[in-house]
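One structure is given here, and the rest of the page talks about it.
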Amino acid sequence: MTTLFISDLHLDPSRPEITDLFLRFLREQAPTADALYILGDLFEAWIGDDTPSPAADAVADALKVLTDSGVPAYFIRGNRDFLLGEDYARRAGLRILPDPCVIELYGRPVLLQHGDLLCTDDIPYQQFRAQTRDPAFQAQFLSQPLAARIAFAQKARETSQARQSEMKQGDRATFENVTDVAPAEVDATFVRHGVDTMIHGHTHRPAIHALQAGGRACTRIVLGDWYEQGSVLRVDANGWTLDTLSRE
């Protein structure tokens with residue numbers, strides 16, 4: 001049997017073909033898995049469980065079919081869907097995990113996280129993250145009318161896009177470094193959690209990295225995004241494989 005890991009699908013009404021690909025994945029591949037882990041950014045944006053969305057409803061229904069069949073599905077909130085709450089999770093049969101967390105995977109402790117906590121060189125983002133993860137901020141935001149939340153989310157997205165565009169027009173190497181994980185934080189994270197395997201998403205740079213941390217040989221697996229194709233990590237007792245999924 002195999003455990004499946006995905007992240008950064010960024011499901012959005014503007015890209016229905018990716019939602020269709022995910023629904024097909026849930027129907028055709030996930031039912032034979034031991035478990036499914038979604039490590040954040042399942043959705044492009046999430047401003048509350050009460051937001052009307054036929055696509056999100058279809059995803060919840062498909063996930064519930066999967067979990068009702070006996071395949072557990074776990075979710076770690078990402079930087080795009082950190083407001084996804086227990087109401088939607090119940091509808092989808094998802095079990096929300098803390099970010100980060102350690103699980104036992106075929107006899108091996110493995111650290112899971114979305115991945116944005118590793119990008120410590122992006123100081124403005126880390127400040128924004130700290131603000132928006134504050135329970136008081138979230139309660140106040142979710143208490144606003146839907147129209148106000150939509151306007152806030154649109155403004156935040158425009159600000160983020162403008163900042164990234166400005167950074168790209170500058171030193172490309174600096175942009176790549178700032179938006180990727182910080183090596184020192186990766187090392188510290190391995191040591192802090194006492195593991196030698198880490199799985200995360202967020203950076204959209206799928207790869208399997210071998211490194212040394214705290215005097216131990218470690219493996220950092222980065223999941224891919226679903227903008228052009230699907231990306232899935234398959235793990236079993238013998239190892240792991242990072243695969244792509246065609247939209248065809």
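Glycine residues also receive a Cβ, built from the backbone N, Cα and C atoms like all the rest.
Some features that Swiss-Prot has for this protein:
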BINDING   Asp8, His10, Asp41, His204  Mn(2+) 1 binding site
BINDING   Asp41, Asn79, His114, His202  Mn(2+) 2 binding site
BINDING   Asn79, Arg80, Asp122, Ser160, Asp171, His202  substrate binding site
Which one of these binding-site residues, His202, His204, has the sparsest Cβ neighbourhood, judged by other Cβ atoms within 10 angstroms? His204
Determine which residues of the same chain, besides Asp41, Asn79, His114, His202, have their CB within 8 A of the center of the CB atoms at the recorded Mn(2+) 2 site, and list them by sequence. Ser7, Asp8, Leu39, Gly40, Gly78, Arg80, Gly115, Asp116, Gly201
If you rank the binding-site residues Asp8, Asp41, Asp122 by how many other Cβ atoms lie within 10 Å of their Cβ, the lowest count goes to Asp122
Using a 10 Å cut-off, grab the number of neighbouring Cβ atoms around the Cβ of Asn79 (Mn(2+) 2 binding site), all chains included. 20
Let me check the 10 A CB neighbour count of His114 (Mn(2+) 2 binding site). How many other CB atoms are there? 25
Taking the center of the Cβ atoms of Asp8, His10, Asp41, His204 at the recorded Mn(2+) 1 site, which other residues in this chain have a Cβ no more than 8 Å from that point? Ser7, Leu9, Gly40, Gly78, Arg80, Gly201, His202, Asp225, Trp226, Tyr227
Spatial neighbours of Asp41 (Mn(2+) 1 binding site) among the binding-site residues Asn79, His114, Asp122, Ser160, His202, defined as Cα within 10 A: which are they? Asn79, His114, His202
Ranked by how many other Cβ atoms lie within 10 Å of their Cβ, the binding-site residues His10, Arg80 are led by Arg80
